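Student: Please find one structure pasted underneath; my questions will follow.
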Protein chains: 2
Amino acid sequence: MKGRPTLAVVGATGAVGAVMLQILSQRADVWGEIRLIASPRSAGRKLSVRGEEVEVAALDEAAFDGVDVAMFDVPDDVSARWAPVAAAKGVVVVDNSAAFRMDPDVPLVVPEVNAHTVRNRPRGIVANPNCTTLSMIVALGALHAEYGLRELVVSSYQAVSGSGRAGIDTLREQLSLVAGTELGTGPGDVRRAVGDRTGPFPEPVALNVVPWAGSLREDGWSSEEMTVRDESRKILGLPQLPVAVTCVRVPVVTTHSMTVHARFQGEVTVDGAQEILATAPGVVLFDNPAAGEFPTPADAVGTDPTWVGRVRRTLDDPTALELFVCGDNLRKGAALNTAQIAELVAEELA
Amino acid sequence: MKGRPTLAVVGATGAVGAVMLQILSQRADVWGEIRLIASPRSAGRKLSVRGEEVEVAALDEAAFDGVDVAMFDVPDDVSARWAPVAAAKGVVVVDNSAAFRMDPDVPLVVPEVNAHTVRNRPRGIVANPNCTTLSMIVALGALHAEYGLRELVVSSYQAVSGSGRAGIDTLREQLSLVAGTELGTGPGDVRRAVGDRTGPFPEPVALNVVPWAGSLREDGWSSEEMTVRDESRKILGLPQLPVAVTCVRVPVVTTHSMTVHARFQGEVTVDGAQEILATAPGVVLFDNPAAGEFPTPADAVGTDPTWVGRVRRTLDDPTALELFVCGDNLRKGAALNTAQIAELVAEELA
């Protein structure tokens, strides 16, 4: 290839798109032209990337002319329709929707864990994992490489921006309804104050936690829980790994947290696990409770790495660890990992 | 005994004390005199119980004259000093501090689970479990009675009122600082806005979750995590039960929630578990995600039972269940269970 590759950002005007443009402006610049694409209703808007104003083009087939790599952050049905159109024109698509993640002919890539899979893309599409999976998988990948994972039990504390701008706006509106009140002590009082202003959530999220994310699957599981299970297995290359997940929404704007109970092939030690995590790329170990150090979303938000703390060996099982993990669901959980995958492809095309 | 027993409420002016007076006013009345006792600084205040104004007496030895049963809700050191003083005068003490919970000569009682242990109290003291344990143990006790528990992995979503009035005031102050702002998207922005107004918590709780409760124990565990483990074992009569706990504070005023991964002796079914939970005393099964039904703190707060939903059989283990459980930490988690224990004692004294 001659010169730097041309990148298209499809869905540039969404919550993840906005973070994507920031990230493209901050990272080492490997791109020639960066083209911004969105729905026809957003076309013509100007957005800033790499310090320049770029006009948003409408999503159509011609928009992909001359594009080498396209990052998609659009709803599943839009990806399902347009990613193959772009791929048919020779564009390598890095897709952040759920449309292709479990397709056996589409690699699901986390560069720190399984970068080698990116080259095997018979459909011309590479998938970016779900934000919840991504918020923990870099840390688990590092531990798995050393110890060999045998079982996971995960509980999430998921931020509202996992539901996009509507999620953020909903929490902020609800907070302004409950702040300065005595709400939160009587049955249903928060529900009555919030009324039907629940936005994309089935229940109020202010002064509440909601054990539901996504849609209903078989036997009472939520789609988000199945996603974390399926994607963790695919990324780690462990198709039979036992994974039990419960997904819970919490009133945090951005950054997903998780408690993880991880069982390994043999005995583990806290010192050993801390050493692995302290040196793993993309991971920050923040684990000194005696000094008040453990990760929280308020620390991790706006940063790139997966933060890990509260590392303990399970008291009744020398082969298991308990962890608390935080990751910015809009950065590593979406835009950053997509950009990292696109950079892997750019390197290969160079 | 002649006539109805005399009850003393020690710590009547605290957050739990206030709920206790409500509960005593609502339940079937088994008591003769109800005497209210608090620190000398609160003595002389008048509080309403059973529709009558009662003057608060100062805590001293004479305050227990003629008392049959005393419910203590005071700091550990106050219980450690005064519960034995009351017991030495023949008062049966029901203590809600941590001072005696793991004492082998003090029963740790949850009436729905181990009522029979209340009579075996060589020190004249009966302990009420920690609020976090209590918010889930009634549901687990019912499942254990049928299936036989073999392992627990628990993650908590704990309300700020677990830290008393100071916890509630802190969350409310922080919420008024973050409501109406764009905070929660930049590294440290919530921390800077909250400053040193963190109250009893090590980090901001508004727009955040904090994976820490209590004090530091060995090997990185928090006291709250060890408490849930130790107390669950004692209440269930399973001193060797493997229990892994991670305790996390969330911005909810009242009602603790938990995700529970519970492994049993043999195969379990969702239908079977739902039937057990639907008929267990003190439990409400609220589990129909297709109709939007799963428990949240906003539903459970101010109510007596333990709410259980999201009942799923673990996909890779037919002997295990995943559950989401909510319990009002000031009612069943503290005042209500204490009142229930006191009523068991009153029945025995009658």
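Cβ coordinates are placed from backbone N, Cα and C, and glycine is handled just like the others.
Curation does not apply to TrEMBL; its annotations are automatic.
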Student: For the NADP(+) site that TrEMBL describes with B:Thr13, B:Gly14, B:Ala15, B:Val16, B:Arg41, B:Ser42, B:Ser161, B:Gly162, which of these is also annotated: B:Asn329, B:Asn337?
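Tutor: My reading of TrEMBL gives B:Asn329 as the candidate in that site.
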Student: Report the DSSP secondary-structure composition of the domain 'Semialdehyde dehydrogenase NAD-binding' (B:6-121) as helix, strand and coil residue counts.
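Tutor: Tallied per class, the domain 'Semialdehyde dehydrogenase NAD-binding' (B:6-121) gives 41 helix, 28 strand, 47 coil.
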Student: Measuring CA to CA, name the entry from the recorded positions B:Arg101, B:Cys131, B:Gln158, B:Arg249, B:His256 that ends up nearest B:Ala15 (NADP(+) binding site).
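Tutor: Among B:Arg101, B:Cys131, B:Gln158, B:Arg249, B:His256, B:Cys131.
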Student: Around B:His256 (active site, proton acceptor), which of the listed binding-site residues (B:Thr13, B:Arg41, B:Arg101) come within 10 Å, judging by Cα atoms?
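Tutor: Cα within 10 Å of B:His256 (active site, proton acceptor): none.
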Student: Just name the most isolated of the binding-site residues B:Thr13, B:Gln158, B:Asn329, going by other Cβ atoms within 10 Å of its Cβ.
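Tutor: Lowest Cβ count within 10 Å among the binding-site residues (B:Thr13, B:Gln158, B:Asn329) is B:Thr13.
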Student: By CA-CA distance, flag whichever of B:Cys131, B:Gln158, B:Arg249 among the recorded positions is nearest to B:Arg41 (NADP(+) binding site).
Tutor: B:Cys131
Student: Over the residue list B:Thr13, B:Gly14, B:Ala15, B:Val16, B:Arg41, B:Ser42, B:Ser161, B:Gly162, B:Asn329, recorded for NADP(+), what is the maximum interresidue Cα distance in Å?
Tutor: 26
Student: Using other CB atoms within 10 angstroms as the count, which residue among the recorded positions B:Arg41, B:Arg101, B:Arg249, B:His256 scores least?
Tutor: B:Arg41
Student: Have a look at the recorded positions B:Thr13, B:Arg101, B:Cys131, B:Ser161, B:Asn329 and say which one has the shortest Cα distance to B:Arg249 (substrate binding site).
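Tutor: Minimum Cα distance from B:Arg249 (substrate binding site) across B:Thr13, B:Arg101, B:Cys131, B:Ser161, B:Asn329 lands on B:Ser161.
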